[in-house]
Amino acid sequence: MGPFMSPFNNLLCMLLGISFTVWFTLLLVFIIVPAIFGVSFGIRRLYMKTLLKVFEWATMRMERGAKEKNHLLYKPCSLNSIIAKESTSLEEELKDIRRNCSSPELDDSASITTDPSPSSSEFDMSDAFYFCRRGIESIVDDEVTKCFTAEELESWNLLTRSNYNFNHISSRLTVLWGLGVVIRYGFLLPLRLTLAITGVGLLVVLTAMIGFLPNGRMKNFLSEKVHLMCYRICVRALTAIITYHHSENKPKNGGICVANHTSPIDVIILASDGCYAMVGQIHGGLMGLIQRSMVKACPHIWFERSEVKDRHLVAKRLSDHVKDKSKLPILIFPEGTCINNTSVMMFKKGSFEIGSTVYPVAIKYDPRFGEAFWNSSQFGMMNYLLRMMSSWAIVCSVWYLPPMIRQEGEDAMQFANRVKAAIARQGGLVDLLWDGGLKRGKVKDTFKEEQQKLYSKILVGTQEVRSRS
């Protein structure tokens, strides 16, 4: 058997060698080299258009199949469609409730004024209706919880994890879904893993080598080119199709770039179009190795775990960085946690206290091709990355907004809210006042006290008016 198996083994090794050579040659020619020079052959755009046509056919087939079987297709509710709310003040709402609950017969017999405004009495039992209604609304239509669940789709994108009631409507759709599984896990996933390993490996090796060069223009130039090249390779590892708008507003050195936060890949999405100084906590393992390599080539700002809680130290490090106009703009996500691509939650005011120019950026993902939101309480990082790399693609739009500065008489929180509102408006996101920390914690007592103070202020104001009269 030995003499006969030897030619077979040689043939098998030769075929494997040819396969790997062809594989890496195609990667080098069509992906890595274009990524180095920042060009694209349009393959990803063509791929996206093809997917859209397939999804349109699948949607038509689902609707027809559901109609034939007399089934109702599931239609998810939008973020604000459960309860219609009007933006009115507490005083106006109490006035309306008291007017509706007032009884003319009782008022006449008691010789009490029929003015239903809050100033007509110190306290009215009907006021309880307002607080009961608001409490029930918060339970039924919880704005916070909805921000930390994956965005639902109206149609099926041939991913089992997107919608559950579209899996077996017809045999054709089932076959198409099975073919999609083979393509995503048999071809796209190995390709993306190869690109990801290549991009991260090059980033670690090349930035470590650049770190040995003396500080100067040459080191900064090579560092920027290496970072851009490696991030662009990583973008292609996700089959990310990104559309950048208003590039004339891109962040400049000495400034702070702030953006809404949906996913850890937000960093890659932005850094593939320009270089930034990253801010974050020092990690161990592979992430720590990457951080140590990157900081040798570029002045990123990494904090020890104990330092992150020291607000003054963090502010000083950021302030020292932005004062040097030769350093790259800082990239910060003020929400502090990932939100599900439908809303923008409260911005932490720390990065708005420094007094530097702020460059707002709005990021909006298209959920039809893959869910970019990272629910960290449900999925670990490796599980999340596997789901991302086994999706069809990551499609998003990025808008660079005009730079903003803190106005005279405006405190840091007001400035942060103004920037947040601009990002929400441009990205078509809902502007919420809630803190993203509610993802893991409870509402602070200070927020409850604010509502109590607001109501007591109305009652105290009533007493003061009566005492003067």
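Every residue, even glycine, has its Cβ placed from backbone N, Cα and C.
Predicted automatically and left uncurated, TrEMBL annotations should be read as such.
Copied over from TrEMBL:
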type: COMPBIAS; residues: 110-122; note: compositional bias 'Polar residues'
type: DOMAIN; residues: 255-366; note: domain 'Phospholipid/glycerol acyltransferase'
type: REGION; residues: 101-122; note: region 'Disordered'
type: TRANSMEM; residues: 20-43; note: transmembrane segment
type: TRANSMEM; residues: 169-187; note: transmembrane segment
type: TRANSMEM; residues: 193-213; note: transmembrane segment
| message | Below 8 angstroms Cβ to Cβ, which residues of this chain, lying six or more residues outside the transmembrane segment (193-213), approach it? | response | 23, 27, 31-32, 219, 222-223, 226-227, 229-231, 233-234, 236-237, 289-290, 293-294, 296-298, 389
| task | Restricting attention to the domain 'Phospholipid/glycerol acyltransferase' (255-366), give the mean pLDDT. | result | 84
| What is the number of residues in the domain 'Phospholipid/glycerol acyltransferase' (255-366) that are helix, strand and coil, as DSSP sees it? | 39 helix, 26 strand, 47 coil
